[in-house]
Amino acid sequence: MKKEKKDYYEILGVPRDATQEEIKRAYKRLVKEWHPDRHPENRKEAEQRFKEIQEAYEVLSDPQKRAMYDRFGYVGEQPTYQETESGGFFDDIFRDFENIFNRDIFDVFFGERPHQEERREYARRGEDIRYEIEVTLSDLINGAEIPVEYERYETCPRCGGTGVEPNAGYMDCPSCGGTGRIREERRSFFGYFVSERTCERCGGTGKIPREYCHECGGSGRVLRKVRRTVKIPPNVEDGTHLRITGGGNAGYYGGPYGDLIIIVRVKPDPRFKKSGSDLVYDVTIDYLQAILGTTVEVPLPEGGTTMLKIPPGTQPETVFRLKGKGLPNRYGRRGDLIVNVHVEIPKSLSREERKVLEELAKKRGVTIG
């Protein structure tokens with residue numbers, strides 16, 4: 001006889017497109033409302049209602065179970081077969097054979113593919129969190145300590161990550177009777193089949209919580225804001241990934257925390273071009289300064305400036321190298337600050353300037369015009 005299907009959405013009082021947050025809120029409200037201790041005069045009905053709420057939440061809070069429920073209208077219980085005039089009898093057999101055994105029916109008889117491994121609940125590591133930070137060239141000189149703030153899932157303080165309401169304890173799983181396995185016997189067109197699989201409701205443990213944690217809703221994790229200081233080593237490259245062990249999300253079922261992965265972005269400095277541990281700075285001087293010599297102010301990456309003497313007769317595109325004024329390399333030794341000198345030649349001259357230059361050209365024996 002076909003088992004009457006339960007409408008889990010109706011039990012929790014949520015629409016079919018409800019979000020996980022809406023499902024969790026509804027569950028928290030209903031378990032408080034229908035807790036058997038609150039209904040001593042009608043405890044049996046309250047216990048039944050309480051179990052239905054727990055069962056509905058177990059399915060709808062699990063994306064995989066919810067997807068199966070939305071598609072087939074059941075989780076872990078197979079429908080009976082009915083022959084129809086449209087020939088759907090065989091379609092049902094082929095489809096539900098795959099649901100039961102996790103294999104195509106022809107694979108079973110002809111061995112085309114290996115059996116898929118059954119899903120089990122187990123301790124799993126939490127997810128990693130990626131976080132981008134921006135650093136300046138001055139941060140790359142000696143390294144830096146940069147404060148960051150981000151959200152992550154932490155172990156629920158109320159249940160310690162178990163997802164079970166404190167003192168509620170566990171009970172035998174009603175789906176498998178506490179064995180952790182579901183045995184199924186089927187008669188079909190091809191013969192008599194017996195299969196055994198892991199119970200989806202308890203994940204093979206044979207136990208389920210009597211009541212889920214009121215703070216985390218059974219997930220064992222709560223969202224929290226975290227503030228910490230990240231150490232940036234000297235002269236990191238743009239796009240460098242720094243891994244902080246245990247800085248990510250809390251694990252599942254007692255699993256370890258994931259990591260915090262810091263992605264370093266070096267903020268471009270319009271004054272310099274970076275070339276390994278060297279920095280390149282361009283300076284433009286007047287042609288008279290190149291001829292007569294001058295002193296120019298050169299900025300430093302850590303802040304402040306230094307004075308660079310340009311000797312008389314400096315040619316265009318002359319390169320000066322300031323030793324040890326660049327960025328530190330992996331061994332802690334600083335590179336150089338390379339100064340490229342560009343000479344600007346005026347496109348037009350005043351009458352007086354031209355006269356002076358013509359007289360100078362005549363004295364030097366330079367042909368002009």
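A Cβ is built for glycine as well, from the same backbone N, Cα and C atoms used for every other residue.
Record features, source Swiss-Prot:
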| type | residues | note |
| --- | --- | --- |
| DOMAIN | 7-73 | domain 'J' |
| ZN_FING | 143-225 | zinc finger |
| REPEAT | 156-163 | repeat 'CXXCXGXG motif' |
| BINDING | Cys156, Cys159, Cys213, Cys216 | Zn(2+) 1 binding site |
| REPEAT | 173-180 | repeat 'CXXCXGXG motif' |
| BINDING | Cys173, Cys176, Cys199, Cys202 | Zn(2+) 2 binding site |
| REPEAT | 199-206 | repeat 'CXXCXGXG motif' |
| REPEAT | 213-220 | repeat 'CXXCXGXG motif' |
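The structure, with features from Swiss-Prot marked on it.
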residue : record                : Cβ within 10 Å
Cys156  : Zn(2+) 1 binding site : 20
Cys159  : Zn(2+) 1 binding site : 23
Cys173  : Zn(2+) 2 binding site : 21
Cys176  : Zn(2+) 2 binding site : 23
Cys199  : Zn(2+) 2 binding site : 20
Cys202  : Zn(2+) 2 binding site : 23
Cys213  : Zn(2+) 1 binding site : 23
Cys216  : Zn(2+) 1 binding site : 24
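Of the recorded residues, Cys202 (Zn(2+) 2 binding site) and Cys156 (Zn(2+) 1 binding site) place their C-alpha atoms 21 Å from one another. Closest in space to Cys173 (Zn(2+) 2 binding site), of the binding-site residues given as Cys159, Cys213, Cys216, is Cys213, taking the CA atom of each residue. Among the binding-site residues Cys156, Cys159, Cys213, Cys216, none has a Cα sitting within 10 Å of the Cα of Cys199 (Zn(2+) 2 binding site). Helix, strand and coil counts under DSSP for the repeat 'CXXCXGXG motif' (213-220) come to 0 helix, 0 strand, 8 coil. Look at the repeat 'CXXCXGXG motif' (173-180): DSSP puts its residues at 0 helix, 0 strand, 8 coil. A separation of roughly 23 Å, to the nearest angstrom, links the Cα atoms of Cys213 (Zn(2+) 1 binding site) and Cys176 (Zn(2+) 2 binding site). Surrounding the centroid of the Cβ atoms of Cys173, Cys176, Cys199, Cys202, where the record places Zn(2+) 2, the chain contributes additional residues within 8 Å, namely Pro174, Ser175, Gly177, Gly178, Thr179, Gly180, Arg181, Ile182, Glu200, Arg201, Gly203, Gly204, Thr205, Gly206, Lys207, Ile208.
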